[in-house]
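First the structure, in the form of structure tokens, and then the observations on it.
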Amino acid sequence: MSAHPVDTVTAATATPDVAQPFKELGLKDDEYARIKEILGRRPTEAELAMYSVMWSEHCSYKSSKVHLKYFGETTTDEMRSSMLAGIGENAGVVDIGDGWAVTFKVESHNHPSYVEPYQGAATGVGGIVRDIMAMGARPIAVMDQLRFGAADAPDTRRVVDGVVRGVGGYGNSLGLPNVGGETVFDESYAGNPLVNALCAGAMRVEDLHLAFASGAGNKIILFGARTGLDGIGGVSVLASETFDGDESGTGRKKLPAVQVGDPFTEKVLIECCLELYAAKLVVGIQDLGGAGLSCATSELAAAGDGGMHINLEQVPMRATGMTAAEVLSSESQERMCAVVTPDNVDAFMEVCKKWDVLATVIGEVTDGERLTISWHGETVVDVPPRTVAHEGPVYERPVQRPASQDALVANTTAGLTRPESADELKATLLKMLASPALCSRKWITEQYDRYVRGNTVLAENADSGVIRVDEKTGRGIALATDASGRYTALDPYAGAQLALAEAFRNVAVTGATPKAVSNCLNFGSPEDPGVMWQFQQAVRGLADGCAKLGIPVTGGNVSFYNQTGSTPILPTPVVAVLGVIDDVHRRIPTGLGLEPGETLILLGDTRDEFDGSIWSQVEHGHLGGVPPKVDLEREQLLADILLAASRDGLVSAAHDLSEGGLAQTVVEAALAGETGCRILLPDDADPFVTLFSESSGRVLVAVPRTEETRFTGMCTARNLPWVRIGVVDEGSDSVEVQGQFSVSLAELRTTFEGTLPALFG
């Protein structure tokens, strides 16, 4: 027991005027006053710790909640028809047919990944994996969305090295394939990288588990790793003191607020959980992530039909002298909290013993309505659990379109110098291919295991990851994540829809049917009205887009305060789309050359759209104007045609067009298939626009000559624009833009793949 005096509920009642460090814990004056109003007294030290972490921006969504409700308002009953769990649960769950369900979610671990890149990224992966485990599923794949400062900035190498090793080290050790994602370099992320991790899990529909504590007398069991000092206050400012200072005269060094992960403990925990689920030993379950036991106990109790009592001294600790507040606030990793009936406790413990997982009964469900916590026989917490978990402050922050937005939009690319000659076009292609914005991410992805477990069908560098779920039928899923901070900065509403459209298209390109969306909304300070305008517009754009496409948002995450000083990051709404494919054997790959003499057909309209483009960034360091037009009805039509083409075997390869335009897509497809091709520019087309425009809603498909008439006839009949843009020449070792230039595959590969190893290898 800590030598620190215990602040009990009795003591708090008797000493109402004791000064408390609520501001140091991130609480405002009015929030502290509200806590005292709820309790009818001042909070104890332990209660104050609980409220401070649970009412933090990260846990309470206090600045975003008024806007996030728009997702629910725009979701129809039809959209919800295949959704088994949605917003408010640990992760969304979707019925994918044949008795299977898939759960998926994106979470952020941004700030810890700057302070301690390896552990920040590793525990970001570990945390999202436990969210998936808590739904009753076996985790089957991970993805990541990474944002770093300028590639040549002094500190970027440190952050990139740690984050990539952290993502790979944790995911690889768990035996989870990393099937895709994005990595972006931009100076706005210097000092504030983004690490957004996605995990997907699969289960039978009847195996779904939810987080609630029900049934008076049922036991609360904490199992997994011991509880330590690492991660205290990771979601608030509980660890705001300097890391090397002495803490409270205890003689202990204060550890950073970044958690420390052990993937091998988590791997065993996964198998233990799955056996517990199979044996029907779990009533309710919650992982311990942000806010630790404060979150797990209050959320379980708030979602149940009674109260809860916890004997906090029963929590297994790996540090001596911890206080009750520290135990409640610790974010030590690899821990779960389960609700178990008394007659199943012994069987539960036997399963944990089999897997060498430490498990301890720390409390029970009560027939009251309060969450009480004792510490060595004295009550240190006595609260209504909903006030901790769900009834925190809600702010309607000022929303104001920035005055600078007009100038940003007016600053178009119209006056920028464009390449005209064949040599200039070739030089532009090679410069863009070699740029950190577009170069190969192979140096990163090769540090991840993409095919472990044997169910990965497509992974990086495909447009989406495709994973088999059912070995017997071949049923599987496709996952894609996308975001564009540049487009969102120009128009947050359109930028969010462009990210949605691309992720939707990336799933459709593989032959899968898009079914559901998760998101991770990364923005600057909510106290800035301009940032809140960006956030509001992005939420509305994403919600309206999902409604138009008929797919629901099943959950997500909001990360605010992503800025250095007063300069926010580019607004970055990350969108993840889950698709279903009834047989992974009919998936459409990216690489050319599967069929000799394939015809290359470009689907969709190409317009002169360069505002916010990678070309404007790489060639001119420019950001301004209006982002490309979004046509979600066209995206749906495109998806329908790709699905039909996949089922009928009409296309042998497909790759979506996005950053870098047609030129980038052709090079990636040619290198993936190790096959050259000829690009035939339309006579009336501007070569620069054709090659580098970033118009949305376009896909390059390779069609066997025997199927060309059927495929183009289907497109014409459904009013989808198409143009025959090239041919795959058997045995060709170059990409030729007829009438302009030719580049060998060897030069393209060297140019494309050499940048990141030179910078970070």
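We number each residue from 1, going along the chain as drawn.
A Cβ is built for glycine as well, from the same backbone N, Cα and C atoms used for every other residue.
Listed features, source Swiss-Prot:
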{"type": "ACT_SITE", "residues": "HIS58", "note": "active site"}
{"type": "ACT_SITE", "residues": "HIS109", "note": "active site, proton acceptor"}
{"type": "BINDING", "residues": "TYR61, LYS105, ASN519, GLY556", "note": "ATP binding site"}
{"type": "BINDING", "residues": "GLU107, ASN557", "note": "Mg(2+) 1 binding site"}
{"type": "BINDING", "residues": "SER108, HIS109, ASN110, HIS111, ARG130, GLN259, GLU331, SER332, GLN333, SER559", "note": "substrate binding site"}
{"type": "BINDING", "residues": "ASP131, ASP287", "note": "Mg(2+) 2 binding site"}
In sequence order, the binding-site residues (TYR61, ARG130, ASN519, GLY556) whose C-alpha falls within 10 A of GLU107 (Mg(2+) 1 binding site):
ASN519, GLY556
Number of other Cβ atoms within 10 Å of the Cβ of ASP287 (Mg(2+) 2 binding site) across all protein chains:
26
Can you give me the Cα-Cα distance between ASN519 (ATP binding site) and ASN557 (Mg(2+) 1 binding site) in Å, rounded to a whole number?
6
About how far apart, in whole Å, are the alpha carbons (Cα) of ASP287 (Mg(2+) 2 binding site) and ARG130 (substrate binding site)?
6
When you rank HIS58, TYR61, ASN557 by Cα distance to SER108 (substrate binding site), which of the recorded positions ends up on top as the closest?
ASN557
Within 10 Å of LYS105 (ATP binding site) by C-alpha distance: pick out those among the binding-site residues ASP131, GLU331, GLN333, ASN557, and say none if nothing qualifies.
ASP131, ASN557
Sequence-distant neighbours of ARG130 (substrate binding site) in its chain (C-beta under 8 A, six or more apart):
GLU266, LEU269, ASP287, LEU288, GLY289, GLU334, MET336
Across all the protein chains here, work out how many other Cβ atoms are within 10 Å of the Cβ of LYS105 (ATP binding site).
26
Candidate recorded positions HIS58, TYR61, ASP131, GLU331, GLY556, pick with smallest Cα gap to the residue listed as 'active site, proton acceptor':
HIS58
According to DSSP, collapsed to three classes, what secondary structure does ASP131 (Mg(2+) 2 binding site) have?
helix
